[in-house]
Ligand code: FDP
């Protein structure tokens, strides 16, 4: 892989488009990633106006408001449709497949505002995007050509990979994304765990797993937002996030096409691992756009320990 700078170094002057160009990325893919980045500027603005946009209410001027997740969906969808390079899009918000252009190069699945229920309590939320070649959305995650997320926290950051490492950018005062960390790497094991789902519904394997982490002194860090929780693992370079199969729900909660595939792609690119507890997330053959799966994602050895305990105890 040709890196723009040495691993671990910081270059504030490189913007997203230049980074993609210097890595010699496909021009249409560059365009698509930059369209998503541009859309996120409008999304962050909507979040920051403090106008919570509860659907069915009106704003100061008596205009009808859109819920923030609906608004974010419209912003992103419009940019993707006008990019000129997209064949098919699918949003977590509307759950409808939109055939944009049969000659388009890419299919895009996205969650425009993941964790939107956290906006009104002022916790971090994010946008997640998965990009595959061709118009077929139901491809296993290993076929993704790129994945990215944008985290709307105290700072707005964008993390992307086109299969050549994982790179982090930060939005500056001009609302441009500039490179902050190139070639993000995750350690083999960690000291943080983020457990989703109700503990009293964990299976024996997951319960033994979480207890083993606690015995080893792992600290609990769970925000309830998938993007900030994954970003924590990514940027601290350590940790494990799980949203497991539960006794009353063997499929888990998180959705394969919009959440798990893009995050698994990014985490693997950074040297981590992502598993259902039984198989690699990126090898799952999707059966439908609603597919969900349990997930153990983060430091490689921590995911492997989960797999061992689940194989033994379920
Ligand atoms: P949310 O329901 O608030 O939209 O998949 C959505 C998600 O949030 C993830 O962002 C988050 O990791 C998970 O669900 C949280 O689920 P719990 O509320 O069950 O913890």
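Yeah, the Cβs are placed from backbone N, Cα and C, and that goes for glycine too.
Same-site candidate for Mg(2+) 1 binding, as annotated by TrEMBL with 111, 113, chosen from 92, 93, 96: 92. Per TrEMBL, Mg(2+) 2 is bound by 111, 114; the candidate from 259, 268, 285 named for the same site is 259. The Cα of residue 114 (Mg(2+) 2 binding site) lies closest to that of 92, out of the binding-site residues 92, 222, 253. Take the binding-site residues 92, 111, 114, 259: by the count of other Cβ atoms within 10 Å of each Cβ, the lowest one is 92. Broken down by DSSP into helix, strand and coil, the domain 'Fructose-1-6-bisphosphatase class 1 C-terminal' (186-309) contains 53 helix, 23 strand, 48 coil.
Checking the binding-site residues 114, 115, 222 for a CB within less than 6 Å of any atom of ligand 1 leaves 114, 115, listed in sequence order. It is 116 that, of the binding-site residues 116, 117, has its Cβ surrounded by the most other Cβ atoms within 10 Å.
Here substrate is bound by 114, 115, 116, 117, 222, 253 per the record. The longest Cα to Cα distance in that group is 16 Å.
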